[in-house]
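Participant: Dumping the structure here so I can ask a few things about it.
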Amino acid sequence: MRSFDKFKIWVLLICLVSQLGQGFYLPGSYPHKYGVGNFLNVKVNSLTSIDTELPYSYYSLPFCQPQEGVKDSAENLGELLMGDRIENSPYRFKMYTNETEVFMCQTKPLSGEEFKLLKKRIDEMYQVNLILDNLPAIRYTRKEGYFLRWTGYPVGIKVQDVYYVFNHLKFTVLVHKYEETNVARVMGTGDGSEVISTVRKGETEAPGYMVVGFEVVPCSVQHAPDLGKNLKMYNKYPTPIKCDPTTVAMAIKENEAVSFTYEVSFVESDIKWPSRWDAYLKMEGAKVHWFSILNSLMVVTFLAGIVLVIFLRTVRRDLTRYEELDKEAQAQMNEELSGWKLVVSDVFRAPSNPSLLCAMVGDGVQILGMGVVTIMFAALGFMSPASRGTLITGMLFFYMILGVAAGYVAVRLWRTIYCGDHKGWVSVSWKAACFFPGIAFLILTTLNFLLWGSHSTGAIPFSLFVALILLWFCISVPLTLVGGYFGAKAPHIEYPVRTNQIPREIPPQKYPSWLLVLGAGTLPFGTLFIELFFIMSSLWMGRVYYVFGFLLIVMILLVTVCAEVSLVLTYMHLCVEDWKWWWKSFFASGSVAIYIFLYSVNYLIFDLKSLSGPVSATLYLGYSLFMVLAIMLATGTVGFLSSFWFVHYLFSSVKLD
């Protein structure tokens with residue numbers, strides 16, 4: 001009866017969770033109700049280009065500025081680190097009020113520098129990014145019978161050595177009638193809930209609308225310079241404007257002004273507010289994406305299963321043979337045979353550079369934990385593209401908090417290597433707190449100087465630079481030291497066998513052991529290279545990545561394969577009497593980073609063909625190196641910890657005198 005009651009409780013909890021999932025939209029902001037005639041303010045983000053990967057401020061080009069002046073919108077840490085600079089714009093709409101021929105401004109005659117800069121930005125294919133009610137402007141183009149989706153619109157276009165600017169924008173705002181949440185209908189039962197009204201006395205149900213779509217069509221329209229001199233912002237342009245995206249007319253010339261106009265129309269849509277991001281999250285080639293990921297998962301799971309079965313059978317057979325022999329037979333077997341049994345007195349000998357190994361394993365635990373927790377939260381919908389910058393902010397937060405785990409693992413491993421001696425644990429904690437962040441700091445500082453020199457918004461402001469250093473030394477380092485303190489107090493892992501004072505000589509090998517270590521990274525790379533393509537496309541091609549559920553599955557599979565590969569390689573080294581397995585087990589799975597870096601170089605050469613300039617290529621390689629280092633520490637830690645557990649279990653299972 002108790003089990004049936006537990007079953008009913010679980011059913012109720014599942015139903016409640018499903019109702020909550022249908023009733024709330026976890027990512028992004030809450031729905032905003034706009035009454036008819038209410039103002040809608042458009043914001044602008046940084047100008048971006050897949051040709052240079054250098055974002056620039058919208059107002060770095062001679063565009064119209066708002067009457068109240070340029071103001072920065074509220075930004076989080078993740079937005080600043082991603083190079084987003086969200087500012088107000090002069091574009092202003094009235095809810096459900098269609099407007100045409102709205103005059104914005106007429107710029108001053110373009111100076112020589114402005115003219116050259118505008119031509120350069122058009123050559124580099126820079127896009128203007130507009131935001132309305134947290135929705136980026138989306139542009140549809142038709143190519144070979146297919147509709148392509150783009151976020152933003154190009155600054156201009158070059159036709160037969162003449163540069164044209166898109167100076168007229170045709171906006172379409174999709175709206176959905178606001179549906180008031182009726183609490184009585186949700187919580188009540190039966191007919192009683194229908195008669196309870198949620199509207200108070202004296203209130204009227206004024207029609208309200210929510211923004212569910214924001215589309216833009218850029219046009220190049222020739223305006224007469226004389227007509228815009230006496231017009232003020234938001235005045236109606238005196239002549240009709242025909243927006244034809246297939247033709248261009250507004251050629252930019254030095255010492256000539258440019259007039260900007262726009263029109264807006266509101267269309268009622270069946271799209272509901274929680275589904276308004278679906279148009280952005282639909283990735284091109286979705287069928288290929290799902291099929292490739294599923295195929296990769298099936299193949300790698302099958303291979304990993306075969307490796308695991310063979311591995312377990314081999315080890316179990318060796319253990320069974322060894323334990324069934326009596327002492328004389330064991331001594332005779334030790335003389336006749338070679339293998340992992342002969343390195344019993346050397347297998348737990350301290351490795352070279354033990355403090356560095358401890359620091360790298362601690363940092364790997366910290367990075368791996370950050371990745372798993374971040375992807376889990378993203379898969380649950382807490383870190384969607386609707387909330388700009390939350391993914392990077394969440395990663396920083398989880399990384400700092402998990403400094404406790406880094407210090408704990410690093411110091412406990414240090415004490416285990418030295419058989420319980422806790423001397424020097426503070427130094428190990430400091431190394432764990434500064435190894436990966438220190439290298440990352442050097443890489444990002446170098447890249448930041450390049451961005452500063454290019455006057456890009458991707459450069460981290462000096463104030464934020466100071467804030468990151470304070471977060472590192474005031475939060476991350478103390479938490480790592482706290483974790484190290486608990487690691488020093490925790491009992492160390494005792495070795496099952498004793499270590500001789502004189503190390504055993506390792507017999508010469510037919511093949512270099514490091515060759516096997518480097519080759520071992522191919523199998524883990526096979527689990528993620530397809531997903532890696534979509535992640536790289538999201539980072540460098542401006543596409544939206546939102547299949548975190550598959551990414552979580554791929555990450556779990558990657559951890560499993562890394563552990564199995566490292567176990568097999570460690571066992572192979574022990575069988576040829578090579579007892580120096582510590583570093584080799586780390587780099588056996590960590591060598592996947594080499595293949596990821598080579599893939600990054602391949603992606604740069606064959607997929608980012610348009611990437612121009614040494615600065616852009618240096619930025620790409622620098623960020624790739626930063627990513628590869630983090631992956632190497634995370635995967636290497638998985639391999640080392642699994643090998644350590646295996647070696648400890650293997651030699652604790654053997655009966656020795």
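All residue numbers here begin at 1 and follow the chain in the order shown.
A Cβ is built for glycine as well, from the same backbone N, Cα and C atoms used for every other residue.
The signal peptide annotation in TrEMBL covers 1-23. Annotation source TrEMBL lists transmembrane segment at 290-312, 356-383, 389-411, 432-452, 464-488, 514-540, 546-569, 581-605, 625-651.
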Participant: Cβ pairs under 8 Å only, please: of the recorded stretches 356-383, 389-411, 432-452, 581-605, 625-651, which one is richest in them relative to the transmembrane segment (464-488)?
Facilitator: 389-411
Participant: Is it true that the transmembrane segment (625-651) and the transmembrane segment (389-411) have 3 or more Cβ pairs under 8 Å, skipping pairs fewer than 6 apart in sequence?
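Facilitator: As far as Cβ distances go (cut-off 8 Å, pairs 6 or more apart), the transmembrane segment (625-651) and the transmembrane segment (389-411) do not touch.
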Participant: Given a Cβ distance threshold of under 8 angstroms, which distant residues of the chain, six or more beyond its ends, lie next to the transmembrane segment (581-605)?
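Facilitator: Non-local partners: 347, 351-352, 357, 360-361, 513-514, 516-522, 524-525, 528-529, 532-533, 536, 540, 562-563, 565-566, 569-570, 573-574, 611, 617, 620-621, 624-625, 627-629, 631-633, 635-640, 642-644, 647.
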Participant: Cβ under 8 Å, sequence separation of at least 6 from the ends of the transmembrane segment (432-452): give me the contacting residues as numbers and ranges.
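Facilitator: 54, 356, 358-360, 362-363, 366-367, 403, 406-407, 410, 458-460, 465, 472, 476-477, 480-481, 484, 615, 618-619, 622-623, 625-626, 629-630, 633.
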